[in-house]
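Taking it in order: structure first as structure tokens, then the write-up.
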Amino acid sequence: MSGMEKLQNASWIYQQKLEDPFQKHLNSTEEYLAFLCGPRRSHFFLPVSVVYVPIFVVGVIGNVLVCLVILQHQAMKTPTNYYLFSLAVSDLLVLLLGMPLEVYEMWRNYPFLFGPVGCYFKTALFETVCFASILSITTVSVERYVAILHPFRAKLQSTRRRALRILGIVWGFSVLFSLPNTSIHGIKFHYFPNGSLVPGSATCTVIKPMWIYNFIIQVTSFLFYLLPMTVISVLYYLMALRLKKDKSLEADEGNANIQRPCRKSVNKMLFVLVLVFAICWAPFHIDRLFFSFVEEWSESLAAVFNLVHVVSGVFFYLSSAVNPIIYNLLSRRFQAAFQNVISSFHKQWHSQHDPQLPPAQRNIFLTECHFVELTEDIGPQFPCQSSMHNSHLPAALSSEQMSRTNYQSFHFNKT
């Protein structure tokens, strides 16, 4: 992706290896620019843009809903959900700032119009959100590991304040580790053989020796993908063994632990989240490592790189849009909270466009069922209490309490 210091028109790599005498056949500045930088507009602009539009819409709406659900509903403010909130913020930054910039650069690859500051910001943004995403995924996996294998320690240590401190460290480290790659980028200008500046040739690219860039990419791919994915895989394997052991003990003793189905549900959701994350980010890191390891480019290698480059971009942005869908499909609590937020917006819209509607018709009926843990929402049913609310989940429940809330929205005289 262009947002990931990659060039949208990788075909120029092979073109640059042509003999210098070819340059004398170039009859215009535009032809000379195309020779140096590749086509001004990517050949993939139209099909990729068509794919990006639904990803953008679904991703922005979904991640905004995730943020609203966690911010507005006290019952959703759990340590685990705070890490998911961090992931949603990271995804929103990618979709709102990164995707439009990449689409623009595919439409007009040069000149880069935002100057050195814009170049630094673009590089730092993508590096930071990449690192913050994988660190958030790793942190929530460690939290679940502690909750499953050391539940008493988790009850004492897993607090919202601690989660916020950890997230501060995560984002601080992400910004810090983005600096090396950012520092080697800048605006590059091209010149005619006589030394005069080629108009409109400014590009945001690597301006330091390529071996530095290659080294940074290889180190960060190991530290922020291969190593975390290995650690996460080991953690989920150990969690699976523990849950299997607990199930066997319960079968032997004839006791059913009501928390086990809930933990299994949450672990299933987080496991799917990690699996999708790993699959979607694999092409991105393959793309980066491909570019960093190849020293002698050929036409066939450039063609393969172009294909990998486009696929990696689609999967990268897809990972930012799919998380809210996973929450909605695998977590009844998130599903109910999403419906509650949407109903709240629907109620406000009705209030503005139909002010004569009686207030009683704009209430949301909430059925509260107290259960095991705020993020663990599948298990036996408990007696329920019904009450009338406007739009918020009950605020009296603490993160250590275990509750379950189902929501049903009613409009009594539907128009």
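Note: Cβ is positioned from N, Cα and C throughout, glycine not excepted.
Taken from Swiss-Prot, the feature topological domain 'Extracellular' covers 1-49 (among others), and the record attributes it to sequence analysis.
Under the heading N-linked glycosylation site, Swiss-Prot lists Asn9 (among others).
Annotation comment: Swiss-Prot describes Asn27 (among others) as N-linked glycosylation site, evidence class sequence analysis.
Taken from Swiss-Prot, the feature transmembrane segment applies to 50-70 (among others). If you look at the transmembrane segment (50-70), the same-chain residues 6 or more away from its ends with a CB under 8 A from one of its CBs are 76-77, 81-82, 84-85, 88-89, 91-92, 95-96, 99, 103, 314, 317-318, 320-321, 323-325, 327, 334, 337-338, 340-342.
Positions annotated as topological domain 'Cytoplasmic' by Swiss-Prot: 71-82 (among others).
If you look at the transmembrane segment (83-103), the same-chain residues 6 or more away from its ends with a CB under 8 A from one of its CBs are 1-3, 45, 48-49, 52, 55-56, 59-60, 63-64, 66-67, 70-71, 122, 125-126, 129, 132-133, 136-137, 139-140, 143, 163, 167, 170-171, 313, 316-317, 319-321, 323-324, 327. Annotation comment: Swiss-Prot describes 83-103 (among others) as transmembrane segment, evidence class sequence analysis.
The average per-residue pLDDT of the prediction over the topological domain 'Extracellular' (104-123) is 87, rounded to a whole number. According to Swiss-Prot, the feature topological domain 'Extracellular' maps to 104-123 (among others).
In the three-state DSSP assignment, the secondary structure recorded for Cys204 (disulfide bond) is strand. Taken from Swiss-Prot, the feature disulfide bond covers Cys119-Cys204, and the record attributes it to sequence analysis.
Taken from Swiss-Prot, the feature transmembrane segment covers 124-146 (among others), and the record attributes it to sequence analysis.
Here Swiss-Prot flags 147-165 (among others) as topological domain 'Cytoplasmic', drawing on sequence analysis.
Residues annotated as transmembrane segment in Swiss-Prot, with sequence analysis given as evidence: 166-186 (among others). Sequence-distant contacts of the transmembrane segment (166-186) (same chain, six or more residues past either end, CB-CB distance under 8 Å): 5, 82-83, 86, 116, 119-120, 123-124, 127-132, 135-136, 139, 204-208, 212-213, 216-217, 220, 223-224.
Residues 5, 7, 23, 29, 32-33, 36-37, 109-112, 114-116, 118-119, 122-123, 181, 292-293 of the same chain, all 6+ positions outside the topological domain 'Extracellular' (187-214), place their C-beta atoms under 8 angstroms from a C-beta of that stretch. As annotated by Swiss-Prot, topological domain 'Extracellular' applies to 187-214 (among others), with the evidence given as sequence analysis.
Taken residue by residue with DSSP, Asn194 (N-linked glycosylation site) is part of neither helix nor strand, so it is coil. Long-range C-beta contacts of Asn194 (N-linked glycosylation site), restricted to its own chain and to partners at least six residues apart, with a cutoff below 8 Å, are absent. As annotated by Swiss-Prot, N-linked glycosylation site applies to Asn194 (among others).
Positions annotated as transmembrane segment by Swiss-Prot: 215-235 (among others). Residues 127, 130-131, 134-135, 137-138, 141-142, 144-145, 177, 180-181, 184, 274, 278, 281, 285, 288-289, 291-293 of the same chain lie 6+ residues outside the transmembrane segment (215-235) yet bring a C-beta within less than 8 angstroms of a C-beta in it.
Per Swiss-Prot, the feature topological domain 'Cytoplasmic' maps to 236-265 (among others).
Listed as Cβ neighbours of the transmembrane segment (266-286) (distance under 8 Å, sequence separation of 6 or more from its ends, same chain) are residues 1, 4, 80, 133-134, 137, 140-141, 144, 148, 221, 225-226, 229, 232, 236, 239, 243, 308, 311-313, 315-316, 318-319, 322-323, 326-327, 330-331, 373, 375-377. Residues annotated as transmembrane segment in Swiss-Prot: 266-286 (among others).
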> Of all the disulfide-bonded residues given, Cys119, Cys204, which residue's CB has the most CB neighbours within 10 A?
Replying inline: Cys204
> Using DSSP, how many residues in the topological domain 'Extracellular' (104-123) fall into helix, strand and coil?
Replying inline: 13 helix, 0 strand, 7 coil
